[in-house]
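Participant: Take this structure first; my questions come after.
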Amino acid sequence: MAKFTKSLVLCLLLAAFVGAFGAELSEADKANVVNEIAANIQREILKGVKSSETTLTMFLKEMQLKGLPTCGETCFGGTCNTPGCSCSSWPICTRNGLPKRAGVKSSETTLTMFLKEMQLKGLPTCGETCFGGTCNTPGCTCDPWPICTRDGLPSAAA
């Protein structure tokens, strides 16, 4: 958010500069300045999106390694290539046993970091992951999996 604010202030300062000295600039120069401002703002926004994608990818990869029931592959010929996975709920490979507890704290930290970042960006997350296709938080659904999301817009109390 701080980067966006800085970009906005920079944009306003450049716009004020162009407005103040606009009479001395040609139309081509004005267009170049405006295009440069737009490109800078777009770059800042895309940096934030890339950060969110990286955090989500890291979270999902860690969850797969720490014991979420899916193995990250589909059944092929009735078998799964990932060790510890089986094709019992075709077409998705699932783990044979309960998740190991060794990495739970690390996974919770990653989940908390991901959810905090998403909430700061305004996504309606509920603060839990889907378990058995359901969410325990009232008003939340398991769509899109694996993050529970609110059915509608978040209420002011949430």
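The backbone N, Cα and C atoms fix where each Cβ goes, glycine too.
In case it's useful when we look at the structure, here is the feature table from Swiss-Prot:
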SIGNAL    1-22  signal peptide
DISULFID  CYS71-CYS85  disulfide bond
DISULFID  CYS75-CYS87  disulfide bond
DISULFID  CYS80-CYS93  disulfide bond
DISULFID  CYS126-CYS140  disulfide bond
DISULFID  CYS130-CYS142  disulfide bond
DISULFID  CYS135-CYS148  disulfide bond
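Just tell me what is around each of these and how deep it sits.
Facilitator: For CYS85 (disulfide bond), the count of additional Cβ atoms within 10 Å of its Cβ stands at 20 [all protein chains shown].
Around the Cβ of CYS87 (disulfide bond), 18 further Cβ atoms fall within 10 Å across all displayed protein chains. Under the three-state DSSP scheme, CYS87 (disulfide bond) falls in the strand class.
The secondary structure of CYS80 (disulfide bond), as reduced to three states from DSSP, is coil rather than helix or strand.
Other Cβ atoms within 10 Å of the Cβ of CYS140 (disulfide bond) number 20 in total over all chains.
Cβ neighbour count for CYS142 (disulfide bond): 18 (other Cβ atoms within 10 Å of its Cβ, all protein chains included).
In the three-state DSSP classification, CYS135 (disulfide bond) falls within coil. Using a 10 Å Cβ-Cβ cutoff, CYS135 (disulfide bond) registers 21 neighbours.
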Participant: Given the disulfide-bonded residues CYS75, CYS85, CYS87, CYS93, CYS142, which one's Cα is the least distant from that of CYS135 (disulfide bond)?
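Facilitator: If we rank CYS75, CYS85, CYS87, CYS93, CYS142 by Cα distance to CYS135 (disulfide bond), first place goes to CYS142.
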Participant: In sequence order, which same-chain residues at least six apart have a C-beta under 8 angstroms from CYS75 (disulfide bond)?
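Facilitator: The list for CYS75 (disulfide bond) reads CYS87, TRP90, PRO91, ILE92, CYS93, given in order along the sequence.
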Participant: Please give me the disulfide-bonded residues out of CYS80, CYS85, CYS148 that lie within 10 Å of CYS130 (disulfide bond), comparing Cα atoms only.
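Facilitator: Within 10 Å Cα-Cα: CYS148.
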